[in-house]
Amino acid sequence: MKKITRIGIGGPVGSGKTAVIETITPRLIERGIKPLIITNDVVTTEDAKQVRRTLNGVLIEEKIVGVETGACPHTAVREDPSMNIAAVEELEDKYPDSDVILIESGGDNLTLTFSPALADFYIYVIDVAAGDKIPRKNGAGVCQSDILVINKRDLAPYVGASLEVMARDSKIMRGKKPFLFTNCKTGEGIDDLLRLILDMALFDVTTNRPLAASA
């Protein structure tokens with residue numbers, strides 16, 4: 001069985017993790033990459049239901065699974081990721097020709113990271129509306145993630161946040177690790193995010209396959 005790349009997507013509640021998945025999934029499929037999706041919620045599977053609605057006609061709903069963790073979000077993806085690993089393995093067994101699994105954590109604080117037993121690579125999503133101080137708070141998600149996404153850049157003037165300050169502090173906290181600003185509503189920055197994912201996590205996946213209407 002081929003190795004299916006596992007990409008974790010974490011971040012605080014409301015930062016736009018689900019929106020990132022909903023915007024990059026059609027672009028992955030357009031490039032011939034076959035995705036699977038797992039979402040985490042503490043006491044519901046609401047995010048999975050939303051993703052199924054949004055991606056209706058793009059990705060069959062059986063490839064989108066919700067995990068009801070019943071525990072702290074970071075526990076389910078780091079300290080004890082057994083429920084997520086079981087969900088991943090079940091999807092991999094059902095769809096062995098897939099290329100990537102996107103694993104969205106439940107909303108959590110800035111310390112969230114993914115166990116290497118669960119994710120090969122992880123993206124951390126923050127949003128401008130939380131304030132321009134967030135990057136310099138030294139959270140593990142901000143500093144250690146493979147890609148930092150600063151979402152909702154269009155809200156900066158409404159909340160008094162400085163994109164320049166956020167960029168400066170992200171460079172200081174992350175060193176050479178990449179970060180970028182996005183607006184999932186308009187698609188701004190999403191193609192740049194996709195390029196980073198392809199280059200850093202999916203470089204060994206053939207991308208010149210025929211375009212598919214659904215996957």
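The backbone N, Cα and C atoms fix where each Cβ goes, glycine too.
What Swiss-Prot records for this protein:
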type	residues	note
BINDING	Gly11, Pro12, Val13, Gly14, Ser15, Gly16, Lys17, Thr18	GTP binding site
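Structure with Swiss-Prot features highlighted.
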{"residue": "Gly11", "record": "GTP binding site", "CB count, 10 Å": "30"}
{"residue": "Pro12", "record": "GTP binding site", "CB count, 10 Å": "21"}
{"residue": "Val13", "record": "GTP binding site", "CB count, 10 Å": "10"}
{"residue": "Gly14", "record": "GTP binding site", "CB count, 10 Å": "15"}
{"residue": "Ser15", "record": "GTP binding site", "CB count, 10 Å": "25"}
{"residue": "Gly16", "record": "GTP binding site", "CB count, 10 Å": "24"}
{"residue": "Lys17", "record": "GTP binding site", "CB count, 10 Å": "29"}
{"residue": "Thr18", "record": "GTP binding site", "CB count, 10 Å": "22"}
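Take the mean position of the Cβ atoms of Gly11, Pro12, Val13, Gly14, Ser15, Gly16, Lys17, Thr18, the recorded GTP site; other residues of that chain with a Cβ within 8 Å of it are Gly107, Val125, Asp127, Asn151.
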